[in-house]
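Notes for the one structure printed next.
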Amino acid sequence: MSQEILNVEGMSCGHCKSAVESALNNIDGVTSAEVNLENGQVSVQYDDSKVAVSQMKDAIEDQGYDVV
């Protein structure tokens, strides 16, 4: 199991948090995703044999947020 901390711009409310967490949790191989709105970060636990960081970034960007 691996962990990645992603910096995300544009998240400001509970809806943002829910949208990003849901998008990530729907990816096969992601075991948990937790958004911290205060610091604009997402902590993701995942199986790196099933999912790549680029797939997680794409899922976040598809929700309208920028991964920096």
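Glycine residues also receive a Cβ, built from the backbone N, Cα and C atoms like all the rest.
The domain 'HMA' annotation in Swiss-Prot covers 2-68, and the record cites sequence analysis as its basis.
The Cβ neighbour count for Cys13 (Cu cation binding site), using a 10 Å radius and every protein chain shown, is 9. Per Swiss-Prot, Cu cation binding site is recorded for Cys13, Cys16, and the stated evidence type is sequence analysis.
Long-range neighbours of Cys16 (Cu cation binding site) (same chain, six or more residues apart, CB within less than 8 Å of its CB): Gly10, Val35, Leu37, Tyr65.
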